[in-house]
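Taken verbatim from Swiss-Prot:
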ACT_SITE  143  active site, proton donor
ACT_SITE  144  active site, proton donor
ACT_SITE  157  active site, proton acceptor
ACT_SITE  161  active site, lowers pKa of active site Tyr
BINDING   21, 41, 94, 157, 161, 191, 193  NADP(+) binding site
């Protein structure tokens, strides 16, 4: 007899779950037995397709539209999850915004736009969920290679992701005993998603730079796949990861190892 799925009947929230890494995470959690609520900003059709994939796996799927500028968004997400599943066992803060801006061109509007998605949403979503957490909850934040690499024109994005890693460590300490929760972070490098797509408007120097970096990737000379990241996130949501908290897991093939 096969063992039961490792996340059987767990209730998960995956922000930004309509495409790319978020979609892969949502489907992998469902494959391991979880019911999954995914959020999206504008890609409603893609979100519905992900929900259908989750349902094909025999799990419940819920879709919630939530803009990063909507201050009531976190509460609506949590209430939808509790209404459908009764509790929250897993939160994956995957929704993010990556955009470049030189310091000389920085505006308050640009700063707020990045920070709203990459910091405000995760913080207030977790806050709203605290009183509804299950008996052994898991929180996984999605960071970025940019948090540590010092790439040109990424100071705001890098700062937001470095701060998310810092919040991960602080939450692990602050919430661990009180809620029996583990809090970890996953740090992807380049991943083969539509966000990474190259077209005629992409700077040739940028393309050449990343092509060279990919060839240097220690694990293999390729970019990551959404599935590569989803496998790591799913493990951090399982009981077997119980002794791992406050960690930032490098999921970038070794491009950055600190």
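The backbone N, Cα and C atoms fix where each Cβ goes, and this holds for glycine too.
From a predicted model like this one, the values you see are computed outputs, not experimental measurements.
Recorded features from Swiss-Prot, shown on the structure.
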{"residue": "21", "record": "NADP(+) binding site", "DSSP (3 states)": "helix"}
{"residue": "41", "record": "NADP(+) binding site", "DSSP (3 states)": "coil"}
{"residue": "94", "record": "NADP(+) binding site", "DSSP (3 states)": "coil"}
{"residue": "143", "record": "active site, proton donor", "DSSP (3 states)": "coil"}
{"residue": "157", "record": "active site, proton acceptor", "DSSP (3 states)": "helix"}
{"residue": "191", "record": "NADP(+) binding site", "DSSP (3 states)": "strand"}
Listed recorded positions among 157, 161, 193 whose Cα sits within 10 Å of residue 144 (active site, proton donor): 157, 161
Residues near residue 143 (active site, proton donor) in space but at least six apart in sequence (CB under 8 A): 161, 162, 164, 165, 168, 185, 186, 187, 188, 248
Alpha-carbon distance [residue 157 (active site, proton acceptor); residue 21 (NADP(+) binding site)] in Å: 18
Which of 144, 193, all recorded positions, has a Cβ with the fewest other Cβ atoms inside 10 Å: 193
In the chain carrying residue 94 (NADP(+) binding site), residues 6 or more apart in sequence that have Cβ under 8 angstroms from it: 14, 15, 16, 17, 21, 22, 25, 142
Recorded positions (41, 157, 161), the one with most neighbouring Cβ atoms at 10 Å: 161
